[in-house]
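Inspection log for the structure reproduced underneath, given as structure tokens.
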């Protein structure tokens, strides 16, 4: 068996960061009956304590005082609404958790032999789509290689490179070329085992056709498995280790796959020594496993090189552009705006035409995510079962890489692992949401929800909606409206990076908070359509979906009211704390279950306090989009080795929150309003801890300085080139005159192309590149 990797981190590790690099088990440990029972008790206690609070505090106060005191009446109503919404979110956490525990308790893993049998008889095709924008080549390489090493009958891995295809910065040019070379590099890397095992399978299948394999055949098979394991160990040893993600890739992708293959080889040898005889079909299955593991077609596709494809700056349209081409043959034609892809009718194909193969399944995979072995195999097996014929999307909600070098990355990873549990629980109630880092999608389901429009004379097909920046959530609703379902596979088979600093976390969490409110009307339409078809829509499913899309809104505004408004002390009650206690105890238990400390519950509370302005900004962006109808640009999470600076607002706001909490503590202490004073002291303490631990004093000072001084600087402009002498007469815009009848009008793309021919291609290509640059600046 292989050893594990060790490394010296490129970035200095913070005190309180995570030393453990071993991930959690792939299969969730089965919860005990006691744990499941206490989970049910927590749900009941939350409802009971909330009801007791409303009856004994709110209703009793109204019975005693009546409604004569207007201010107290409004405070009581407002406080009850806030407490009710926050308690509802806590209750939905407990309900989803209960569903997850029951799924983990009942899950039985499909045996390896059954997978081999199934895929010997059924050999579907899959295309792995990896959208990428301005990513480090080494990060993308690990993602592509983890996909290429998936065992599957026929797989194609396509990097959807969305960078500006014609940059001018030398560093960007070098990075772009390195990323473009990844597909060929990985294909060359896999060529030796691919040819070896393809040849071995062919020779075995051309054998004498006996029902049982000979001992020599079995020994040769075992030798091939040993060779494959040693090859993978050598690749792991050669992999450069810079951080904990590299350790994970080397140990859990390369070495773990090698361990699996080595164990299989040992099992074959043990069978020979015991005098057992393997059937010819079983040996063929084992040969296919080797061949399928190392056989992958890799390609790079850049939509921004084609004027006929959408250049909208978001991940959804990057995916849509390629999916819309699948299954077709295209001819390259030059136009003034650049080359375009023209569909070739059946029977008219010529040499040089481009074919984009179709497939039964798609696997969308973020460029910073990594898949474990058997991801494709197990998830497509799940989709091909008769009971799952209407399941459109399945996934394993991603987990975080262990061994984070910063405190904030460790805690962000803890919240990610908690969300993994909750998403698994939502599937128990039929309330699954597509989480976009990874998913296996039935291609036929996307054809059901596609929307088509014509932009600039070209057809644009939207399979995944880009109206919001949480495109996966909206697509989940669209699929349900068309009679499809989604399901989370109850194992840990995918991992994704979490932001290592506060600046990059702001970008990610602000995007996550934006869009849920805009999608809610679609949910109501989905419910109406499903009921029209006679489907049952349970109340729990509906409540879980509403909470998932809107809870950030009411939780953020509710917490602002609790922090800022001095509510009457008579509204406070121990029952409020008791209603929240099952939630905090359960989350602490889930943290321990996921390999963290129970006391991290307090760190997460402070973490959420400093993220409150970020969540509010995301919610307000949703409201802005609903009022203006203008799309919010997609902002990718920065993934750089150095720290990402935080915007001034999000650094100053937590400090203001602490100052106000201390002022509230002083005011309520003098007023002997002990309940509010204790709450203010608790918030101030945890917020200060979060600022020091997760933002940092030095980083706070630097970001405030940058935020205050950066607007004072003006970038030095480039020297203007010597101006050419002015022409004697002003040139006429002849295209505009011929099209509109006057000069100065904008000419549609197709009309320009028809008028200009190929002579203006170079100038138009420069114009197209400037449009790409503008779109990317908006996205950033």
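Glycine residues also receive a Cβ, built from the backbone N, Cα and C atoms like all the rest.
What TrEMBL lists as domain 'Glycosyltransferase 2-like' is 363-585.
Residues or ranges marked as region 'Disordered' by TrEMBL: 1-32.
Note on the transmembrane segment (41-64): residues 72-73, 76, 79-80, 83-84, 87, 90-91, 94-95, 98, 570-571, 573, 575-576, 578-579, 581-583, 585-586 of its chain, located 6 or more positions outside it, place their CB under 8 angstroms from a CB of the stretch. If you look up TrEMBL, you'll see 41-64 (among others) marked as transmembrane segment.
Residues or ranges marked as transmembrane segment in TrEMBL: 76-96 (among others). Sequence-remote contacts of a segment are chain residues at least 6 beyond its ends whose Cβ falls under 8 Å from one of its Cβ atoms, and for the transmembrane segment (76-96) they are 39, 42-43, 46-47, 50, 53-54, 58, 61-62, 421-423, 425-426, 429, 540, 543-544, 547, 551, 554-555, 558-559, 561-562, 565, 567-568, 571, 576, 579-580, 582-583, 586-587.
Annotation comment: TrEMBL describes 542-565 (among others) as transmembrane segment.
Per TrEMBL, transmembrane segment is recorded for 601-623 (among others). Within its own chain, the transmembrane segment (601-623) is flanked in space by residues 408, 411-412, 414-415, 468, 502, 505-506, 509-518, 552-553, 555-557, 559-560, 584, 587-588, 591, 632, 649-650, 653-654, 657, 683, 686-687, 689-691, 693-695, which lie at least six positions past its ends and keep a Cβ under 8 Å from the stretch.
Panel annotation: around the transmembrane segment (644-666), residues 499, 501-504, 506-507, 563-564, 566, 609-610, 612-614, 617, 638, 676-677, 680-681, 683-684, 687-688, 690-691, 695, 699-700, 702-704, 706-708 of the same chain, lying at least six beyond its termini, place a Cβ under 8 Å from a Cβ of the stretch. Per TrEMBL, transmembrane segment is recorded for 644-666 (among others).
Annotation source TrEMBL lists transmembrane segment at 686-708 (among others).
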Beyond the flanks of the transmembrane segment (542-565) by at least 6 residues, Cβ under 8 Å: 75, 78, 82, 85-86, 88-89, 92, 95-96, 426, 429, 431, 433, 473, 512-513, 516-517, 519-520, 523, 527, 609, 612, 615-616, 618-619, 622, 657, 660-661, 664, 679-680, 683
Local confidence of the prediction over the domain 'Glycosyltransferase 2-like' (363-585), expressed as mean pLDDT: 93
